[in-house]
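Asker: This is the structure I have questions about; it appears just below.
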Amino acid sequence: MPLHQLGDKPLTFPSPNSAMENGLDHTPPSRRASPGTPLSPGSLRSAAHSPLDTSKQPLCQLWAEKHGARGTHEVRYVSAGQSVACGWWAFAPPCLQVLNTPKGILFFLCAAAFLQGMTVNGFINTVITSLERRYDLHSYQSGLIASSYDIAACLCLTFVSYFGGSGHKPRWLGWGVLLMGTGSLVFALPHFTAGRYEVELDAGVRTCPANPGAVCADSTSGLSRYQLVFMLGQFLHGVGATPLYTLGVTYLDENVKSSCSPVYIAIFYTAAILGPAAGYLIGGALLNIYTEMGRRTELTTESPLWVGAWWVGFLGSGAAAFFTAVPILGYPRQLPGSQRYAVMRAAEMHQLKDSSRGEASNPDFGKTIRDLPLSIWLLLKNPTFILLCLAGATEATLITGMSTFSPKFLESQFSLSASEAATLFGYLVVPAGGGGTFLGGFFVNKLRLRGSAVIKFCLFCTVVSLLGILVFSLHCPSVPMAGVTASYGGSLLPEGHLNLTAPCNAACSCQPEHYSPVCGSDGLMYFSLCHAGCPAATETNVDGQKVYRDCSCIPQNLSSGFGHATAGKCTSTCQRKPLLLVFIFVVIFFTFLSSIPALTATLRCVRDPQRSFALGIQWIVVRILGGIPGPIAFGWVIDKACLLWQDQCGQQGSCLVYQNSAMSRYILIMGLLYKVLGVLFFAIACFLYKPLSESSDGLETCLPSQSSAPDSATDSQLQSSV
């Protein structure tokens, strides 16, 4: 493949006035070129045919005729480097060049984003409970493991986005994917170094009478030290994923036409959202396999001591990341024909009021550490960018908070098991989140939204989701639980008067450490078999569930003559379930519908040399103000709705029973607060946005409309590749 050679210095087209003052002929270069010799963007004369030889007419000519010389001050063509061929250093065979297109790099970036979402947001969330059980971790320790990803990203975002933005983006991306794969392998390492998982079954703690010493046995296994290994794996995940959502997005955006960019970015983010869905499905299936594969056990998947094969998914994702990184490392600094799209983006940038924009227009700007303070200062002076960052932080707070605790909300409201609630939430997120993300980019492209119109679209989506949040004013009644919300006789219990001990189970010596709810034949839910007064005798009914007979705390049934209990929670008969699910779907859909338009607006309101750095700064703001505190804030208010806390040998554990009405009320308050802030930030951003040109749509007409047949053919090929 012929390589296009360019000089070390960028070529700047001067304005007509400056050209006249210097005595230069400002006739368009294409008119001075010899007939039949195509002119390559970035050079005055073409010495050879190349993939970049796409036009004989300068891209800025029609723009200058329509808007005057002001537009030409901003047009600079930057050197694309020594080669636009796809390959690894000197090895660039012609057969690889079929992948050297925007669609080719989009495929591999989607694969990387899918793996990142599947591992970090899928596998990690799925196996957290298993890790706590297997390695004796407390909840705050597992929370610190999850937060290590965001901590790593915040530490690396400034460095990666600033220097990677002016560097070789595919190489930054490829090495980042390799780091992600390494992090997955490190995360799975404790399974092979901690020894076998062996447990002893003791049914004495479950039934009446209980064995008091069976639960709080002193354990000094030292397995909790593996927390540091898990944190290291997550830290590598965070470092490796940092280039993906900053440099990856800008690399896609700068190599396609501005009208097609939202679609490409939407496909990229859709893959990132489908990744967690696959992670939940694959991770859930792997947890049904015993962690010590090949060894028989008496444990069942319903047992609180069961640990599934949590580590298999990380081995698979790590290997897949290594295979994905290799082709990404082979892509050039710029794809063939990409420079012609720089002119399209120039007039959509937010207009600055001083001369500092001239320095930012220098193609060498942002390549040294000396430019870092000015880069930050230029972004801080851009009110549209700041407001979009704040709006993104409010949306991130809701997304991270609700994605973390929505399964718990569904579990409490509809009396579901943890696996059922997670599966139901996954069914909501896949079409709502994935569909909203893709359609957001599709609408921006289909409606040809530019500038403030994109921000108005984000404002509309936020208002609709704000109205949908009002559904949390509804709630399902809590299932009555003996000793918590109802007395053992069935009457309502005043709030705050908890008493799990009654005359019917006083002689059972029930332990509060073992929570294993059962549903009595009287419609009440009991803390455990022991608290229901059930002896060890069992039988299996037609549905495969264990039924416990002769329970002393359950009133006798006239038909059967004795009270009995069934393992598991009582089912909910809430009639509002369909309505709640529909409106939760609406909130998720419109929240994700605005994500790609908001990202597009961010890319358009800053200058080309700063776009990667701007995305990095935005991600830092979003994570610090939204991603990290979001789950903490939602967890804090949800804990306020707790009625019964777990007693772990004298220490307070997790919440076991929530008050549904209070949980809905607190989520409603949090949702309204952050959605109102999001509406305000988008509205003010739309009001303050001032593009460099009155009509950014006119940039599309800057492309050559009249050219020779060979150039037209080349232009058609470039557009078809986009």
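Note: Cβ is positioned from N, Cα and C throughout, glycine not excepted.
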Asker: What does Swiss-Prot say: are VAL84 and ASP608 on the same side of the membrane?
Answerer: yes
Asker: Which cysteine out of CYS519, CYS530, CYS534 is the one Swiss-Prot pairs with CYS510 in a disulfide?
Answerer: CYS530
Asker: Looking at SER34, SER516, which one is marked phosphoserine in Swiss-Prot?
Answerer: SER34
Asker: If you check Swiss-Prot for phosphoserine, which of SER43, SER130, SER415, SER693 comes up?
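Answerer: When Swiss-Prot is consulted, phosphoserine appears for SER43.
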Asker: What number of additional C-beta atoms lies within 10 angstroms of the C-beta atom of CYS519 (disulfide bond)?
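Answerer: Counting Cβ neighbours of CYS519 (disulfide bond) within 10 Å gives 22.
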Asker: Across all protein chains in the structure, which of the disulfide-bonded residues CYS504, CYS530, CYS534, CYS553 has the highest Cβ count within 10 Å?
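Answerer: Max Cβ neighbours within 10 Å, all protein chains included: CYS534.
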Asker: So if I exclude everything within five residues of the ends of the transmembrane segment (144-164), which remaining residues of that chain have a CB under 8 angstroms from its CBs? That is, six or more out.
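Answerer: Contacts with the transmembrane segment (144-164): 120, 124-125, 128, 131, 137, 172, 176, 227, 230-232, 234-239, 241-243, 246-247, 366, 372, 375, 612-617, 619-620, 623-624, 627-628.
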Asker: Measure from the CA atom of CYS553 (disulfide bond) to the CA atom of CYS504 (disulfide bond) and give the result in Å, rounded to a whole number.
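Answerer: On Cα coordinates alone, these residues lie 5 Å apart.
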Asker: If you count other CB atoms within 10 A of each CB, which of ASN499, CYS510 wins among these recorded positions?
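Answerer: The residue with the densest Cβ neighbourhood is CYS510.
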Asker: Counting only residues 6+ away from its ends, which parts of the chain sit with a Cβ under 8 Å from the transmembrane segment (379-400)?
Answerer: 350, 352, 356, 455, 458, 462, 591, 594-595, 598, 601-602, 605-606, 610, 613-614, 617-618, 621-627, 629-631, 633, 670-671, 674-675, 677-678, 681-682, 684-685, 688-689
Asker: With an 8 Å cut-off on Cβ pairs and a sequence gap of 6 or more, do the transmembrane segment (104-124) and the transmembrane segment (223-253) reach 3 or more such pairs?
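Answerer: Per Cβ check, the transmembrane segment (104-124) touches the transmembrane segment (223-253).
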Asker: Under 8 Å between C-beta atoms and at least six residues away from its ends: which parts of the chain pack against the topological domain 'Extracellular' (401-420)?
Answerer: 129, 284, 429, 475-476, 478-479, 568-572, 574, 577, 580, 584, 630-631, 633-635, 638, 658, 660, 663-664, 667, 670-671
Asker: Considering only the recorded positions ASN499, CYS510, CYS534, which fall within 10 Å of CYS553 (disulfide bond) when distances are taken between Cα atoms?
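Answerer: Qualifying among ASN499, CYS510, CYS534: CYS534.
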